[in-house]
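Peer 1: Below is one structure. I have some questions about it.
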Amino acid sequence: MLAKRIIPCLDVKEGRVVKGINFVDLKDAGDPVEQAIIYDSQLADELVFLDITASYEKRSIMIDVVASCAQNIFMPLTVGGGIRNIDDIRNLLKAGADKVSINSAAVRNPDFLNEAVKIFGSQCIVIAVDAKKVNNDFFVFIDGGRKAANIKVIDWLNEVQERGAGEILLTSMDKDGTKEGYDLELTKLVCKNSSIPVIASGGAGNVEHIKEVFEIGADAALAASIFHFGEVSIIETKKYLLQHNINVRI
Amino acid sequence: MIAVIDYDAGNVASVTKAIEKAGYQTYLTKDPKTIKNSSGVVLPGVGAFGDCIDKLKKYNLIDSILESIESKKPFLGICVGFQLLFEEGYEFGIHKGLGIFKGSCVKFTPNANQKVPHMGWNTVYYTKVCKLFDGIKNNSYFYFVHSYYTDSDDNCAAKTDYICTFTSASQKDNVYGVQFHPEKSQILGLKIYENFCRMCEETC
C-alpha cells in the first residue's frame with residue numbers, strides 16, 4: 001500500500017537554513033547539508049529544498065549546496081525557488097535534484113510548464129502554489145508571496161494539470177509559520193480537484209496537525225519548523241500516525 | 001567494475017553514487033569497450049520510453065546492451081530502464097523495446113483515490129526467490145515514481161499493489177529489473193545495489 005509521505009523542508013538563504021513566519025521574519029536554523037543527512041537517517045520520505053532568496057547572483061551558491069546535499073542523501077530531493085528557464089532546471093537536475101518546484105515562472109508563462117514537462121517528464125515537475133484567502137476565495141500569489149497573480153487557485157490547478165504537472169506543492173500563506181495547523185479548507189479543495197499528488201504545506205505545529213491533513217486527503221505533508229528545532233522527530237511523527245491508522249513507512 | 005549506461009536519462013549520477021556507497025567501483029559511460037569490459041551493467045532510466053530508446057539508438061548502445069546480456073554477466077534495469085527490457089512501450093506512441101521480457105508497458109488509469117503518477121513509497125512482495133532481494137524482508141518499502149507499468153507477468157520476481165497489482169521486479173537468468181528506484185530508497189535500496197554488485201564480482 002502506498003504510504004503517506006512526510007517531507008521536511010529546508011528554506012535556504014545564502015547557504016543557511018532559515019525559517020520565517022508568514023514568509024517574513026527569518027530565523028537561522030542550521031547548515032542545510034547537516035540537516036539533510038539527519039533527515040535521511042530519520043527516514044524522511046523526501047526532502048524539499050527552497051531557495052528563498054533566489055536571486056540570479058546567488059544561484060551558483062545554491063547549486064553548490066544542492067550538490068553537497070544530493071551527494072550525501074539517498075531519498076528524493078525537490079528543489080525550488082527562482083527557477084526561470086529550462087537551463088535552471090537542467091543545472092539543478094545535474095547537481096542531483098530529482099524534481100524541481102516552479103511557481104512564478106509558470107504563472108508568468110504557462111507554456112514554460114509544457115516545455116519543461118516535454119523535456120524532463122511530468123514526474124520531475126512540481127507546481128508550487130502559494131495560496132491566500134481574499135474575499136472568501138483562494139488566490140495564487142507569486143514572487144515569494146509578494147505579488148497577487150489574480151488567478152483563483154482552483155482555475156490554476158485545472159490549468160497546470162492539463163499542461164502536465166506531476167505534483168502540487170500547496171502552501172497556505174495564511175498559515176505558514178503560524179504552527180496553528182494546515183489550512184484544511186484549502187487543502188481539501190485542492191485534493192478534491194486534483195488527479196495528481198498534493199503535498200500540503202504551511203502551518204504544521206504538531207503531529208496532530210499532520211494527522212488531520214492526511215485524513216482530509218493530502219498525499220504528503222511538508223513541515224519545517226517542528227522538525228528543524230527538534231520539537232519532534234520524523235520517526236516519532238510516523239509512530240504517532242501509525243497508531244492512528246495512517247499508513248506511513250517506518 | 002560496474003558500468004552505468006550514460007544516455008542523458010535524468011539523474012543518473014545518483015545511481016553511481018549509490019553503487020559507490022555500497023562499496024563498489026563504477027563508471028558512468030557510453031563507451032562500448034568500457035561496457036564490454038565491465039563485470040556488470042546498470043541501465044538507469046528517467047524519462048519517456050520512446051525518448052530513451054531513441055537515445056540508446058543515437059549513442060549506438062543497443063548492441064552493447066544486448067551483448068552484455070548475452071555474455072551472462074549481471075544486468076540491472078531501473079524504472080524506465082526496466083520497462084525498456086520488455087517488447088513494447090505505449091508512452092507517447094508505440095515503441096519497440098529490447099524484448100528480453102515478454103509483454104508491454106502501459107499507462108495507469110487514475111481513480112478517485114489513487115493518483116497518477118504513482119509517486120512515493122510502496123511495498124514490494126516477492127513472487128519467487130531472487131538474489132537481488134537477499135537480506136531484505138518481504139513487503140519492504142521502496143520509492144516509486146512512474147505513470148507507466150508493465151502488465152506482463154513474464155519472469156516476475158515481485159509485485160506491488162497500486163490501482164492494480166503489477167510486476168515491480170523481474171528476473172530471467174542474469175537479467176534483473178526493478179520498477180522502483182533503489183538509489184532513492186535509503187538503506188534497503190543500497191542493499192539492492194550491494195546484492196547486485198556482489199553478483200557481478202562473483203561472475204567475473
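Each residue, glycine too, has its Cβ placed from N, Cα and C.
Found this in TrEMBL, in case it helps:
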ACT_SITE  A:ASP11  active site
ACT_SITE  A:ASP130  active site
Peer 1: Could you measure between A:ASP130 (active site) and A:ASP11 (active site) for me? Cα positions, answer in whole angstrom.
Peer 2: 15
Peer 1: In the structure shown, which of the active-site residues A:ASP11, A:ASP130 has the fewest Cβ neighbours within 10 Å?
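Peer 2: Among the active-site residues A:ASP11, A:ASP130, the sparsest Cβ neighbourhood within 10 Å belongs to A:ASP11.
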Peer 1: Tell me whether A:ASP11 (active site) sits in a helix, a strand or coil according to DSSP.
Peer 2: strand
